[in-house]
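Here the structure is laid out as structure tokens; the discussion comes afterwards.
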Amino acid sequence: MENAKVLLIYTGGTIGMMKDNITGELRAFDFEHLNAQVPELDRLNVDLSSISFDDPIDSSDMHPKDWARIAQQIELNYNDYDGFVVLHGSDTMAFTASGLSFMLQGLRKPVILTGSQLPIGTIRTDGKENLITSIEIAASKDEKGMPLIQEVAIYFEYSLYRGNRTTKVSAKHFEAFQSPNYQELAIAGVDINYHFQNLYRTSIQDLTLFTDFEEDIALLKLYPGINMKMYAGLFDIAHTKAIVLETFGAGNAPHNKQLQDLITKFTTSGGIILNITQCASGSVQQGLYESSSFFNKAGVVNGKDLTTESALAKLMYVLGRYSSKDECIAALKRDIVGEMQP
Ligand code: ASP
């Protein structure tokens, strides 16, 4: 059997950082440095190629336009490789994975994002295992020669997750990610144990790229005693097209007249509000409690079990793709790429 061909796309992040001897700050290094630190890469039965951002960045600087750069590289190289590994800072990796899942529809090859909590040059780094296993996953095929993973996923600390279901939960543990509402796609131990029933399969024939994302999307987290005067500007349709509203529990909000007036004015002027829960797991059930029934009347969309990262990316995609509010709302209610419960 021929070796699988995997393309590494290096964007930056801790995995490729080195300590600046003068300031002590961690700074991104070029890909050659990373390669030199992992000689094991040459021993994998994989034909590995790499490309790198000219300016590797801390993932705090990632912008939807950078997601588009990554997606375009994957589209450009799609027919020449069996799988893709994207090296990325962990801080906003869940946002990028969510964004890429909407950008790369019809994907039938693995796109595995990974990174590390410690730079790859340090002795206790988690980066080597993350990198090597991600490459192995990106190269894995079934007995018919089809890629096992055909979606955007995150591999971190022995777990493979659906990318648009993840969230970063720890700034200190190697186990930095969780997928609170969807089971892992695979667990790596002595063998990589794939959970076949959890793997996504697209019904779209060809890879289709959507990179035209709407950027005028806001995020508001409710809290007890919230003073809506401070947030009135956010509901101004002149510069906000849609808002992700993080509500309590199963999608509940305080009986706050100002909040209700702002929402009603915003939705009747063409704005879209997507209701997700601020709980780590579970789903919005609009109307279950009296404290959420107002949302149904005001046309707020039930975001079910979407993560914050996925809700933002989904709104950016949907508003970029569809022009009428009705089409946008219909798309928001659909599970598009395995991002929410059907
Ligand atoms: N600040 C880094 C980043 O997200 C942290 C990491 O790579 O894990 O780019």
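Any Cβ shown, glycine's included, is placed from N, Cα and C.
Residues annotated as domain 'L-asparaginase N-terminal' in TrEMBL: 5-196.
For THR14 (active site), the same-chain residues that are 6 or more apart in sequence and have a Cβ closer than 8 Å to its Cβ are LEU26, GLY89, SER90, GLY115, SER116, GLN117, LEU118, PRO119, GLY127. Residues annotated as active site in TrEMBL: THR14.
DSSP gives THR14 (active site) a helix state. What TrEMBL records for THR14 is active site, O-isoaspartyl threonine intermediate.
Secondary structure of the domain 'Asparaginase/glutaminase C-terminal' (217-327) per DSSP, as helix, strand and coil residue counts: 45 helix, 21 strand, 45 coil. The feature domain 'Asparaginase/glutaminase C-terminal' is assigned by TrEMBL to 217-327.
Confidence in the domain 'L-asparaginase N-terminal' (5-196), given as mean pLDDT, stands at 92.
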